[in-house]
């Protein structure tokens, strides 16, 4: 399928299906729409009136057009209130159009939607991402896939002019999102710690990245007792992956760290019935997004040096598993009383944060499916953002808005660290039930000295049980697009 920008407008374009977007209560047939309605033999007005189309968010219609017109089908999508129009709304509109076109077996599609911030290039990129993400099909594990081959061969973005650069950029970003989606969607017998190394190796070889993989012995030499404590029970060897994109003259040096638990049984504090243990293949969502971001950024080639870090292992049960009550020593010398083996992700991140800071980076972002408490607080669509550095937090919020992904900044309430204090170690790995996502962030903060750092809890948005905007049911690839936009923003 080819996506391209064009100077043709809805008034001049010819093809199988024309898609139009309307804001809520702005569906009057006036001006250019009058000419378009005449061109379509009155179908536009008739469709809006008969179906009571008001342009509300999520509203969509499709209709055949008279055989004498240059358009065979007409697709209408509602964009909601104009005051709430943003990148997410635009991308979701493109996704809705793409799915309708697929269902109608359209071959050539013309898309006419409002521009984002009067910027044709930005608009073309958002539309491209929305279309490609909506049409992505992951049928790897089906013997007889229900989704049939997509008939769509050409999508033209109307009125935006030639936008090959913006479209190409979006396609590269989407390739990273799809890598993350497919890693998270795959079961734990398909994506193991060793699979992480294989994927990182392929990225390094394909895009000229530097790769360092530390095994058990190397991690022991660095004193990574927190990471290795989690890894003890698994028969699969731990893999500490350090992938580097290094341009010739970087203006910034950053680290992105993803929690990479390829399966989380809970350890000896095993996840019981009704806990969703069968979904714990996605506990490596942060690591999948980290490698997805690496794939996109390596193709986009910004002048920013980035270190991608994944401490990959499983949290399993065996005779060698860490016990509740064990004391682990992290690589910065701090001791941790393990009062819950099911709070293991923060232990792996602790050593990864220490490792990243020693690289001399200027900012660190970690992302993790860390706490159910964050889902309770923010639901399934919004990720939590914690940072003691407001400048970094603001950069990430701007990037998320541009990417069409949602984050909400949460408090770093230092008083809550009282709940993590241990009588026999420097800290416990979990605190009281209340404020659990905040105490998790405060725990991670103990492994950062001075470097600007942000923590993203992505436990909710990494997966969706049903179609949601640009995402189909399953893994979303969140927040690859935010990470990429953050890096690109610093490269400007």
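Just so you know, the numbers here start at 1 and follow the chain as drawn.
Just so it is clear, glycine is given a Cβ too, placed from its N, Cα and C backbone atoms.
Fair warning: this is a prediction, and the values are worked out from it, not measured in the lab.
A 10 Å cutoff on Cβ-Cβ distances gives residue 283 (Mn(2+) 2 binding site) a total of 26 other Cβ atoms nearby, all chains included. In the three-state DSSP classification, residue 283 (Mn(2+) 2 binding site) falls within a helix. According to Swiss-Prot, the feature Mn(2+) 2 binding site maps to 259, 264, 283, 344, an assignment based on similarity to another entry.
The annotation Mn(2+) 1 binding site is assigned in Swiss-Prot to 264, 342, 344 on the grounds of similarity to another entry. DSSP assigns residue 344 (Mn(2+) 2 binding site) to coil in the three-state reduction, placing it in neither a helix nor a strand.
Positions annotated as active site by Swiss-Prot, on the basis of sequence analysis: 271 (among others). Annotation note: residue 271 (active site) sits in a coil segment as assigned by DSSP.
According to Swiss-Prot, the active site annotation covers 346 (among others).
When the Cα atoms are compared, residue 271 (active site) and residue 346 (active site) turn out to be 17 Å apart. Sitting within 8 Å of the Cβ centre of 259, 264, 283, 344, and not among those site residues for Mn(2+) 2, are the Cβ atoms of 261, 280, 284, 315, 345, 348, 368, 369. Comparing CA positions across the binding-site residues 259, 264, 283, the one lying closest to residue 346 (active site) turns out to be 259. Cβ neighbour count for residue 342 (Mn(2+) 1 binding site) (all protein chains, 10 Å cutoff from its Cβ): 18. Remark: residue 259 (Mn(2+) 2 binding site) has 283, 284, 285, 286, 287, 311, 345, 348, 349, 366, 367, 368, 369, 370 as non-local neighbours, by Cβ distance under 8 Å and separation of at least 6 in sequence. Within 8 Å of the Cβ centroid of the Mn(2+) 1 site, not counting the listed residues 264, 342, 344, the chain contributes 230, 261, 265, 266, 267, 269, 271, 283, 315, 341, 343, 345.
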